[in-house]
Amino acid sequence: MPPKKAAAPEKKTLLGRPSNNLKIGIVGLPNVGKSSFFNVLSETDLANAANFPYATINPEEARIPVPDTRFEWLCDTYKPASRVPAFLTCIDIAGLTAGASTGAGLGNSFLSHVRAVDGIFQVVRAFDDAEVIHVEGDVDPLRDMDIIQTELRLKDIDWVEKALEGLKKSGRSLGSNSLADKAKKEEIAVVEKVLKVLTVDQKDIRKVDWNNKEIDVVNGLQLLTAKPVTYLVNLSEKDYVRKKNKWLPKIKGWIDTNNPGDPLIPFSVALEERLATLSPEKKKEEEQSIGATSALPKITQAGYSSLDLIRYFTCGPDEVRAWTIRKGVKAPQAAGVIHSDFENKFVCGEIMSYDDLKEHGSEAAVKAAGKLRQQGKPYEMVDGDIAYWKAGA
């Protein structure tokens, strides 16, 4: 008998909302540079940067273009009338203080705003400036990171305990025979495990290898510590340029101990603000002169990647456009990002890779090389695909 085919590995469900329209929130203690960072990132003065806590009360939102050399090459090749890059939606959130999980400061409103985003840019202050007060009295990034982690975890514990109480109340009369009763018992077991991770193991939810059934339950809880975090360490311009700061090794050690694998990006709001006032040519000259470049492109790309976002392109003389989708999205859903009819009446996609187009130089050459593929409903999109969708009437 021929050997049995090994079962295909189960596709991993992603933590977080099953959406292509995801947002990242800028989080940190008051006066660490959040609003100033938001302003230079979004090239606006939307956020109210001021030297006192809670300068930002209502969350401000901006769409940040994601730098992409592939997109630039496609625009140079097609010379379209319209160019639309991929965007990262970014929200500036009011500063958090110790006790936020129990309502201190603007705690409740802050935590509801964090709950509404899908990922976190955590701004950590590692610069000294007597002119900029620190809500805790002195500069200590490790203490600040402890405060934020503790507050987010405490709020999660509060939410999970309430969810578990509700599940147990409704599950008191459960028998053991029906599928519905069995599913309810399994859900209770997962929520109990979530509570143990937060309280006994003292871990953030995103740092556990959950299986797909568990992830479905975890996603339903909408927990703060399930969201991906990118740590942005705000240095003085001098420290950023010389790539040296006394806190950086300690911050790296804290992340390795508490949340191993989370990205750490040093940057300088002071430098970014100065560069933002210059023309593109002068900015390039200044970066060459000081031997350091803006960290904003790297930060934007890191935030986009942290949300498991990828992009595909549609190209033509009218428009070159990058469309944002989640990793693992199938062709019909990717087409649906353009218009729901493309998903509902999906026939197929004609797809080539960016690399193939760049190698062969034109669509005709890609087709002649047999690299233009017709893909049906089961096709899983790959970052950098170039797609033409066919839909029924």
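Glycine residues also receive a Cβ, built from the backbone N, Cα and C atoms like all the rest.
Look at TrEMBL and you will find ASN31, VAL32, GLY33, LYS34, SER35, SER36, LEU235 tagged as ATP binding site. Per TrEMBL, domain 'OBG-type G' is recorded for 22-287. Under the heading domain 'TGS', TrEMBL lists 308-391.
Feature map: TrEMBL annotations on the structure.
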| residue | record | contacts (Cβ under 8 Å, 6+ apart) |
| --- | --- | --- |
| VAL32 | ATP binding site | GLY95, VAL123, VAL124, ARG125, ASP144, ASN234 |
| GLY33 | ATP binding site | VAL123, ARG125, ASN234, VAL269 |
| LEU235 | ATP binding site | ALA126, PHE127, ASN245, LEU248, PRO266, PHE267, SER268 |
Please work out the number of neighbouring Cβ atoms within 10 Å of the Cβ of SER36 (ATP binding site), leaving out its own Cβ. 22
Tally the residues of the domain 'TGS' (308-391) by DSSP class, grouping H, G and I as helix, E and B as strand, and everything else as coil. 24 helix, 34 strand, 26 coil
Taking all protein chains shown into account, the Cβ-based neighbour count within 10 Å for ASN31 (ATP binding site) is 23
Counting across all protein chains shown, how many other Cβ atoms sit within 10 Å of the Cβ of LYS34 (ATP binding site)? 29
Among ASN31, VAL32, GLY33, LYS34, SER35, SER36, LEU235, recorded ATP binders, what is the largest CA to CA distance in Å? 15
